[in-house]
């Protein structure tokens, strides 16, 4: 751990390196060197175990992304996000699985024994766009919030559901139509069940924060405790722990921040950032070490076909889905946006860990799958990850605005929201703004009174925004050393 953190520190100290090579690439190289060194002295390098990855390393990264999610952009683009996440994942998994099955049937003696189910399982693994790799690369180039959400929130949850479904089918002697229908239903039950669990724990965390005014020191603990409990509870019932984490973070944040102190808010912010940063560093280091330590079986036809079809599936999926989505969007996704979304499909440790979980008993070709997945990971992280920054600059893609919102901007934003809601009501069209207004009224009338302590639950939205700005300024003053 110490070595990994010093590597990460060294990367940021040398600007000539950090401007060209993403941190994730450097950490994988360090992992490869460490693994090679351990193997060179005759020892067996450690492998990134799947249970350690999914139980300890992945949750902080997902919680950090969910807790600090820009809510307005997320809710306004929820339909687009769901289409990319669900339909996009299904397309990638079945397109890749079907084409790889055709390749195996035509690829000769080494491949023709791999059946359709095994190839569909492989397609579901390799279709998992990795939020760890995406976050690591795109946070460095400060991509605008809209693209940031599209790239980070088609999370691997649907892909993991497909993976477990096909793995379960491998135990069946014969897969019937009823099994397929039940499997299709489980795809939605697992994801929505995870969201339900996350919402419950998010509400409990918000309600608990009402009573911590006399024990401020434990306030941050409740955020981490309830979030992790949401993840474990969802996984215990074979639901989506990732969706539970995101839902709990999104639900609890506005109410928890209204109840806790400035110091607790700062603690949560920096502890989450530190925790997720350490997890990212360890994941990439171990990915390099595990590559050296793992058993590999190289097949040129299978590996090159996997890499080629991954790129084709991603591009076709983004183009077709965007064409459909733009028919319903007011603000269209431009060709530049489509290119960045297609190019940002980085694979990482999630695909590696899912493949490592496969049982040799049912999947004797696991080593070949693992080799192909590592090749795709290295290509996407090194080639796409290293070229995305110059491409973003070349295409002049809009970047994140670092300026703060003013009271004036908030007044005009709320005025436009109310105006559009009124226009929808007059026209008799119950659209996005109508339902958003209904939700805000319900939140103010019932939910805030239960979850926010004292007079803060009754204050108007504009005053709440003013308090939020005050909190930010106080935190920045403390960070800059303005208060002794």
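Backbone N, Cα and C atoms are what each Cβ position is placed from, and that goes for glycine too.
Predicted automatically and left uncurated, TrEMBL annotations should be read as such.
Among the features that TrEMBL reports, domain 'Cation/H+ exchanger transmembrane' is placed at 18-392.
Sequence annotations record features per position, and here TrEMBL assigns transmembrane segment to 20-38 (among others).
Here TrEMBL flags 50-69 (among others) as transmembrane segment.
When Cβ-Cβ distances below 8 Å are used as the criterion, the transmembrane segment (81-104) is approached by residues 74, 111-112, 114-116, 119-124, 126-128, 149-150, 153-155, 157-159, 162, 191, 301-302, 305-306, 309-310, 313-314, 316-318, 320-321, 324-325, 341 of the same chain, each at least six residues removed from its ends. What TrEMBL records for 81-104 (among others) is transmembrane segment.
Annotation comment: TrEMBL describes 116-138 (among others) as transmembrane segment.
TrEMBL lists 180-207 (among others) with the feature transmembrane segment. Long-range Cβ contacts of the transmembrane segment (180-207) within its own chain (Cβ-Cβ under 8 Å, at least 6 residues beyond either end) map to 86, 157-158, 161-162, 165, 168-169, 222-223, 226-227, 229-230, 233-234, 237-252, 255-256, 259, 450-452.
Residues 54, 58-59, 62-63, 65-69, 71, 74, 153, 155-157, 160-161, 164, 189-191, 193-199, 201-203, 205-206, 209, 219, 222-223, 226-227, 230-231, 447-448, 451-452 of the same chain lie 6 or more positions beyond the ends of the transmembrane segment (237-256) yet place their CB under 8 Å from a CB of it. Residues or ranges marked as transmembrane segment in TrEMBL: 237-256 (among others).
For 277-298 (among others), the entry in TrEMBL reads transmembrane segment.
The annotation transmembrane segment is assigned in TrEMBL to 304-326 (among others).
For 338-357 (among others), the entry in TrEMBL reads transmembrane segment. Note on the transmembrane segment (338-357): residues 24, 47-50, 53-54, 57-58, 84, 125-126, 128-134, 137-138, 143, 147, 150-151, 156, 159-160, 163, 283-284, 286-287, 290, 294, 310, 314-315, 318-319, 322, 366, 369-370, 373-374, 376-377, 380-381, 384-385, 388, 391-392, 395, 397 of its chain, located 6 or more positions outside it, place their CB under 8 angstroms from a CB of the stretch.
Below 8 angstroms of C-beta separation, residues 20-22, 24-25, 28, 122, 125-126, 133, 137-138, 140-141, 143, 287, 291, 294-299, 302-303, 306-307, 310, 339-340, 343-349, 351-352, 355-356, 358, 363, 399 of the same chain, each at least six residues beyond the ends of the transmembrane segment (369-392), sit close to that stretch. Annotation source TrEMBL lists transmembrane segment at 369-392 (among others).
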By Cβ distance under 8 Å, which residues at least 6 away from the ends of the transmembrane segment (277-298) in the same chain are close to it?
-> 1, 3-5, 7-8, 23-24, 27-36, 38-39, 44-48, 53, 56-58, 60-61, 132, 135-136, 348-349, 352, 356, 365, 367-368, 370-371, 374, 377
